[in-house]
Every structure is written in C-alpha cells, then in structure tokens.
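Asks: According to TrEMBL, the protein carries these features:
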type	residues	note
TRANSMEM	12-29	transmembrane segment
TRANSMEM	49-67	transmembrane segment
TRANSMEM	88-105	transmembrane segment
TRANSMEM	117-140	transmembrane segment
TRANSMEM	169-188	transmembrane segment
TRANSMEM	194-213	transmembrane segment
REGION	247-266	region 'Disordered'
Amino acid sequence: MIKRLLIPTYGLLSYAVFLVSMIYAPGFFGNTLVSKSIDVGAASSPGQAFLINLQLIGLFAIQHSIMARQRFKQWWARHLPAPCQRSTYVLLTSLLLLLLFWQWRPIPVVVWSTSGIAAWLLVGLYWMGWVLVLASTHMIDHLDLFGLRQSFSAMRGTEPLRPAFRTPLLYRLVRHPLMLGFLIVFWATPEMTAGHLLFAVVITIYILIALQFEERDLIAEFGATYQQYRERVPMLLPRVLRRTAAGRGGAVPDESRATASPPSGG
Ligand SMILES: C[S@@+](CC[C@H](N)C(=O)[O-])C[C@H]1O[C@@H](n2cnc3c(N)ncnc32)[C@H](O)[C@@H]1O
C-alpha cells in the first residue's frame with residue numbers, strides 16, 4: 001500500500017521538477033522573461049566560460065545518453081522498481097538542465113544580429129519551435145515519456161502497456177519532430193552570440209549522434225515496421241522543404257539513407 005502511494009508521489013514530484021525546467025527553458029534560450037538567460041550571467045573570461053559551458057553540456061549529454069540505452073535500463077531494472085525508472089530519468093535530466101541554466105556563462109561576442117522584420121520572423125520561428133516540441137510529446141505519449149503513466153499503473157497495481165510504434169500527424173512529415181523543434185529553438189535567434197552558438201553547435205552534434213542510437217533501439221524494438229518507416233519518412237527535414245532547397249539548386253542528401261547504418265557500440 002505504501003509503495004502504491006510512494007511511487008506516484010515520486011512520479012508527480014519528478015514531473016513537477018521537469019515542468020519547472022521546461023517553463024524556464026523558453027526564457028533562457030530566448031533571452032526573455034527571465035533574469036538569468038543564455039546571454040546573461042556571471043562574467044568570466046571567454047576561455048573559462050567555454051570550458052565551464054562545455055562541462056555543463058557534457059554532463060547533460062552523458063547522463064541523457066547512458067540512461068537512455070537498453071543495456072543501462074536492463075542493469076538498473078535490478079536495482080530500482082520498474083515504475084520509478086522513467087521518473088528518475090526525467091528527474092535527473094531536469095536537474096541537470098536547471099544546473100546548466102543556473103551555471104551557464106555568457107560569451108557576449110555577437111556573431112550575427114538582425115533587426116526589423118527578420119528579427120520578428122526569427123522570434124516567431126523560435127516560438128514555433130517550442131510549439132513543435134510540446135505538440136510532439138503529446139503525439140507520441142506525453143504521460144509515458146515523462147513517467148506518469150508508469151507511476152499511475154503502479155498505483156492501480158497494473159502493468160503499464162508497452163508504448164506502441166506510432167506515426168501521428170507530425171511523425172508522418174519527419175521521424176523526429178520533437179528534436180526538430182529543439183533544433184529550431186536553439187538556432188532561431190535574432191542575435192546570435194558566441195556563447196549561444198557554442199551551445200547550438202555542440203547540442204546539434206549531440207542530437208544527431210543520439211538519434212542514430214535511438215533509431216537503432218527503435219529498429220531492435222519494432223523491426224521491419226521501423227525500417228520501412230525510415231525509408232518512407234525523412235529524418236528531420238520535411239520533404240516539401242527539401243524539394244524547395246533542391247529546386248533552388250541546393251544538393252540535399254537523402255537523410256534516410258545517410259542514417260541507414262547507426263554507429264556501433266554504446
Ligand atoms: C524524447 S522522445 C523523442 C522522439 C523522437 N526522437 C522525436 O524527436 O520526435 C524519445 C522516445 O520516443 C520513442 N519514439 C520515437 N519515435 C517513436 C515512434 N514513431 N513511435 C513510438 N515511439 C517513438 C523512442 O523509443 C524514445 O523512447
């Protein structure tokens with residue numbers, strides 16, 4: 001009985017910490033609404049800021065990657081009740097994000113700056129990125145992604161259903177709309193500073209690598225269904241945009257094929 005109450009309480013607390021980080025994030029990356037943002041904070045030399053910031057991203061990336069892998073999940077299934085696992089992952093991810101927001105050092109060298117209509121368009125694109133992020137979590141399974149479904153199943157004393165493979169709406173346009181939303185958020189800014197650019201470049205590389213591993217797991221789980229999906233639907237750039245780019249003379253590589261062989265290991 002105690003376990004049945006403790007597990008959902010833990011799940012709700014983890015979700016609350018996640019909400020705090022996700023409510024703060026748009027202000028942090030958009031340099032708006034909050035006092036400590038990506039371009040505002042304690043002054044340090046560019047070299048020191050660079051090193052501290054790299055460590056903050058590194059911590060987040062290491063935790064996020066290790067805990068998302070099947071081998072790690074099998075290992076900690078022996079130490080932690082199954083319904084708490086996703087909540088713990090969400091809790092640690094959110095705490096590391098909050099640490100990054102708090103400790104991030106600005107490097108205020110301006111790389112590009114826009115004004116007028118271009119600036120407004122970039123701000124609009126930035127907020128569209130967040131809408132894409134939020135919508136995508138609901139299209140896959142918001143409650144499962146953030147551990148709430150598992151917690152409530154424990155409260156009812158039932159086994160949570162394994163999430164099914166799904167391709168609703170945005171997932172018919174690209175395979176990773178949630179990550180596409182994040183990439184838009186990190187790059188769409190009217191004024192790009194060196195600190196912001198550092199974050200955008202490193203996290204983009206990280207996301208592109210992490211997606212190879214995620215797809216490897218998805219193929220292991222859903223087999224031919226996911227393979228066919230991969231052949232049919234582009235990874236991040238919708239076909240209509242790729243055709244436009246190709247029409248303008250830009251050579252657009254086929255992402256589906258480019259990612260056909262995920263890296264080994266991990
Ligand atoms: C944080 S979500 C990101 C989903 C996707 N990479 C995206 O950017 O939209 C990661 C979880 O979604 C699951 N997932 C990804 N694509 C899926 C699909 N089409 N159907 C069901 N689950 C999916 C993965 O197994 C993983 O547990």
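Quick reminder: no glycine exception, Cβ is built from N, Cα and C everywhere.
Let's see these features in context: how buried, what's close, how far.
Replies: Proximity of distant same-chain residues to the transmembrane segment (117-140), defined by a Cβ-Cβ separation under 8 Å and at least 6 residues beyond the stretch ends, is recorded for 26, 29-30, 146, 163, 166, 168-171, 177-178, 180-185, 188-191.
Same-chain neighbours of the transmembrane segment (169-188): 26, 29, 122-123, 125-126, 128-137, 139-140, 199-200, 203-204, 207, 211, 214-215, 229-230, 233-239, counting only residues six or more beyond its ends whose CB sits under 8 Å from a CB of the stretch.
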Asks: Check the transmembrane segment (49-67) against each of 12-29, 88-105, 194-213 and return whichever range has the most CB pairs under 8 Å.
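Replies: Most Cβ pairs under 8 Å with the transmembrane segment (49-67) come from 88-105.
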Asks: What same-chain residues lie close to the transmembrane segment (12-29): Cβ under 8 Å, and 6 or more beyond its ends?
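Replies: Residues packing against the transmembrane segment (12-29) from afar: 36-38, 87-88, 90-91, 93-95, 97-98, 101, 104, 126-127, 130, 146-148, 151, 185-186, 189, 196.
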